[in-house]
Each structure stands twice: as structure tokens, then as C-alpha cells.
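Working notes, beginning with the structure itself.
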Amino acid sequence: MTLSLALVTLISAFGSSFQYGYNVSVINSPAPYMQDFYNRTYLDRTGVPMDSSFQTLLWSLTVSMFPLGGFFGSLMVWPLVNNCGRKGTLLINNLFSIAAAILMGTSELAKTFEVIILSRVIMGIFAGLASNVVPMFLGEMSPKNLRGAIGVVPQLFITIGILAAQILGLSSILGNAEGWPVLLGLTGIPSLLQLLTLPFFPESPRYLLIQKGNEEQARRALQRLRGWEDVDDEVEEMYQEDRSEKEEGQFSVLSLCTFRGLRWQLISWGAQTGVFYYADRIFESAGVASSSIQYVTVSIGAINVVMTLLAVFIVESLGRRILLLAGFVLCSASCAVLTLALNLQSSVSWMSYLSIACVILYIIGHAIGPSPIPAVMITEMFLQSSRPAAFMVGGSVHWLSNFTVGLVFLYMEAGLGPYSFLIFCAICLATMVYIFFIVPETKNKTFMEINRIMAKRNKVEIRESEELKDSFPLGKREEKKELSSSEM
């Protein structure tokens, strides 16, 4: 791990992924004060109080507009990263965050709650791009022995962002009637820092060589990221990948969905939605005193950070597959027991504590596998031309699921009660079975090695060049021959 690689990882994750997590949780604690602002604004305009059903709709929109924006942001991944590059897309993306932060921070002064809902869409677009581009950017820059650990770092910063929003959202800090606009507006600061620092770091070497055809810039980027001059092996591997892709053809979104060789990779991209949107409501239904709920939520956020940090250190030793399986086992078990505990807590006093334990277990399971690993694996399981489209399709499914849950969870909870968590249990179980039978281990393998494994699994033949050097440009091969002769 070189200083340059460490810094670009931290800057990308803090400037982008941190804000994704921050905005998932930021409206949770100040919700009563924001809803009161909605009521006061409506009363000032119309002279009549807001109807409770209309307030529920408005708040559901406030929550769900963020993942809806994430869906739109995911649709922008493919054209932006192919035309502007990975780093260029992240720099452009900062403009969405800064604009949303200004709008949200001034919403109370402007006496408009509509601008908050609009800003949540804009912030969602930022998060949709960030959640897909950062793992792609860092995955393409990382050596194969560190790709898993570095790939988990964006998710680590998402959890840190959630925790930061929970801490700053305490009623004694900014989660109060006076502080909530500042709480919402702070999200622009990490974007400003990234906008000022990221230009000093290199673009993805794979993008520079394979998509832009600029070997010289790719070599310079690799040399800076690796800390040594000899990067021929990685350059050769990129040329081999480029040759393989040219034989297979470039993938559009439509061909990505229909090409048999990518079938399992596409299906493998799935994600579980967290419980942070309505964490306070879950704890309240579990019997936690209202004065203590926000502190319990912060504790849960801290556990989330610690377990994701653990995943950073163990993903390269245990591998991706075992973490996914273990995570989904914990998630499905906790959802099943939580259903039972919520049903019995009115008759058995200690069931409220079991409910909280189930939420903690779900967070632990989610943090070690389902949250961080899918983005790592989609980077690894797709080659350069299909990777942006894969992130676009997979990210769209993820954000559309988040939007659906954010919009209908309150109504689902009202209709099904505790049994609503059985739906999540079934999804976790189905995903776990699929991973067990279909998803291979990808740790410490090159992109081409993983591509061969998936081709074999999909019964698709990949034509290999006679020798690795066949995919290396003639001029560079001659340079290498001359170098070898001089060394002898």
C-alpha cells in the first residue's frame, strides 16, 4: 500500500461514500422538528392545519426521494464514466452535493418544505453515482492482493457517514428545532474538499489504457500508485483483457442483460436495504424509552462501523464468498427472530431486549457481507467494457429497491405489523442459497482469471491468445527484448 493509493482511497471514500451514509440517516433524528416545520409552513400558507395522512405522504416522499434520486444517478453511471472517466465523474458529481447542501441549509429561511424534497432527489443522484463509481474507480486502481480490502473502504465510510449523522443529530447538538437546517447543509463540506484535492491524483490506469488507448499515461498512473517503475506485468494483463473484450465485442446495457456469458454476474448484483430509515420507529416499538432511542441508534451505528472495519481486514484472508454467506445467515435469522419477539413483547417483558438484539445482529450480518462485498465482486466479475453497464444496471436495481422500501415501509408495517420482517427474511434466505450454488470465490485473482471462471460456469468459450505477449503491442515487446538483452 503506497501513500498515493492510500490517499486517493481516503479522498474518494470521504468525499463521496461518506455523504451517501450521512444522507441515509441525517433526517432520522430531526424528523419531529422537520415535520413541525412542514406543518407550520402549510398552516401559514393555507390557514388550516395539515391533514395527518398528507403529512405521512410528505414525510414518506422526503425519505424515499433520496433512493429515487439514487436510481436516476445509477442510470447516469454508464455514459458519464465512459465519456468523463472515473475521476472526472466523481469531480462532476460534487456539484450535485454542493447544490443540494445549499438548498437544504436555506430551506427554513425560504419557508419551503418542497425544496427539501427536491434536494433529497438531487442528493440521491449524487449518492447513486458515488455508490457505483467509487468502488469501480478504486477497484481498477488496486493491486489484486488489496482489491478486496480497498473495495470495502467505501462501505466503511458509508457507515462512518451514518454514525456521523446520528451523532450530530443528537438533540443536544444539531438535532433540534434550531440546528436541523445546519445538519442538512453540512453534507456539502466533504464534496468541497474532494473537489479541491482529487484533481492531484491519477485517473484509473485501466480506463486510460483500455478505453482511452493512452499507454504512457496509464504507465505513469500505475508507477505512482504502485511506488515502483516496473509495471510491465500489469500493463500486459490490461492488454490481454483488451484483446479478450475486442473478441467478445463491446457490451451495451441490452447486451449485458441478454449475453449468456454475463448471466450469473448480472444476477449476482443484489443488495439488502438497511433499517436506518426507520430505526427510531423500530426501537420505539421494541419498548425503548423515547429519551434513550437516539443514543441506542448511535450505538447501533458504532457497531456498524466496527464490523465493517473488521470486514476490511478479513476480506482478503477469508474471501468474499464466506463473508456473503455468513452475513445473509445472520440477517435471515435475525429477521425471523425479530418477528417472533415483536409479536410476544406485549406479553413477555424481556422480548423488547431480544428485539433490540435482533436489530444489532442484523446490522452485524449486513456489515460483514451484504453491504460491502457486492460492489467488490461486481468490479471483479466484469471486464472493462461491461463494468460501467453492470454497475448501472445493478445500481438501478439496488436504488429502486431502496425507494420502494422507503416509500411503502410505513404502510407495510401498518398492514402486516411484525410480519413485515418475514419478507426480508425470505429475501435473505433466497439470496444465501443462490450465493452458495452460483457465486465463485474471487480473492487474489486477476480480472482475466475471474473472467475464465465465470465463462466456464456459464459454458461460454473464451478464445485465448497463443501467448500472453500476443496481446502486448509490438513496439513494447521489442523494447522488452532489448532490455532483456542488455541485462544479459
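Yeah, the Cβs are placed from backbone N, Cα and C, and that goes for glycine too.
Under the heading signal peptide, TrEMBL lists 1-17. Residues or ranges marked as domain 'Major facilitator superfamily (MFS) profile' by TrEMBL: 9-443. What TrEMBL records for 57-78, 90-110, 116-138, 150-174, 180-201, 262-280, 292-315, 322-344, 350-368, 389-412, 418-439 is transmembrane segment.
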Contact yes or no, the transmembrane segment (90-110) and the transmembrane segment (180-201), 3+ Cβ pairs under 8 Å, gap 6+: yes
Beyond the flanks of the transmembrane segment (292-315) by at least 6 residues, Cβ under 8 Å: 25, 28-29, 148-149, 151-153, 155-156, 158-160, 162-163, 166-167, 169-171, 175, 279-280, 283-284, 323, 356, 359-360, 363-364, 366-369, 371-373, 376, 443
Per-region confidence, the domain 'Major facilitator superfamily (MFS) profile' (9-443) (mean pLDDT, whole number): 85
Folded-back contacts onto the transmembrane segment (150-174), same chain, C-beta under 8 angstroms, at least six residues removed: 5, 9-10, 12-14, 16-26, 28-30, 131, 134-135, 138-139, 141-142, 180, 182-183, 186, 276, 294-295, 297-298, 301-302, 304-305, 308-309, 311-312, 315, 367, 371-373, 375-376, 379
CB contact flag for the transmembrane segment (389-412) and the transmembrane segment (322-344), at least three pairs under 8 A: no
Same-chain residues near the transmembrane segment (57-78), Cβ under 8 Å, at least 6 residues beyond its ends: 23-24, 27, 31, 34-35, 38, 50, 89, 96, 113, 116-118, 120-133, 253, 277, 388-389, 391-392, 395-396, 398-400, 402-403, 405-407, 410
Positions whose Cβ lies under 8 angstroms from the transmembrane segment (322-344), at least six residues beyond its ends: 272, 285-286, 311, 314-315, 351-352, 354-355, 358-359, 361-362, 364-371, 373-374, 417-419, 421-422, 424-425, 428-429, 431-432, 435-436, 439
